[in-house]
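Presented below is the structure to which this report refers.
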Amino acid sequence: GKCPDPPHTEFADVTAEMYPPETKLYYHCDPGYDRKSGAYRGIECKREQQGAVWTYTSFECFEKKNLLSTAPTVKLELTQKPEREPRSPAPQKQEDFSESKQKGFCGPPKTVPHASIKLPLKYYVGQVLHFKCQTGYDKRPPTSGNRTCKEVDGKIIWTPLDMRCTNDS
């Protein structure tokens, strides 16, 4: 089932490490880079016989020759920069999370040079989001926590988050 939007948490960064099947994510080229014309940015977590895997298309970002862009840049709150260390491009290798219950989930998607991935626009039951207070707003513990999208008594809800990010001393 589809989840409602998670409640907004002020001054917190949101990330996810596992994604339930049906989740769609999109690559976005970093500033100063552009995607190859017609390249599809999306990937989807699909349920396969060997577990959940990402379906990839060839997507790459290249340096813009003309950097005289007049388009305003918009800073989005929910961004997730994948780590830059090289990962095996084979999606099957993503299942490094040895707990068997994670088999039904896709792990972190492969990294693309000069690209980042934003969190999904739609969430599905089973999604876990990690919240961490931004620097300067992490004065009072707990400064991080998780919300999980669950179905409870026929209703789809996000579990409560036991943290508040504030710069009060």
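The backbone N, Cα and C atoms fix where each Cβ goes, and this holds for glycine too.
Annotated in TrEMBL:
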- 1-63: domain 'Sushi' (DOMAIN)
- 75-109: region 'Disordered' (REGION)
- 78-102: compositional bias 'Basic and acidic residues' (COMPBIAS)
- 104-167: domain 'Sushi' (DOMAIN)
- C106-C149: disulfide bond (DISULFID)
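Residues of the domain 'Sushi' (104-167) grouped by DSSP class, helix first, strand second and coil last, total 1 helix, 28 strand, 35 coil. Summarised by DSSP class, the composition of the domain 'Sushi' (1-63) is 0 helix, 31 strand, 32 coil. Of all Cβ atoms in the protein chains displayed, 26 besides its own lie within 10 Å of the Cβ of C106 (disulfide bond).
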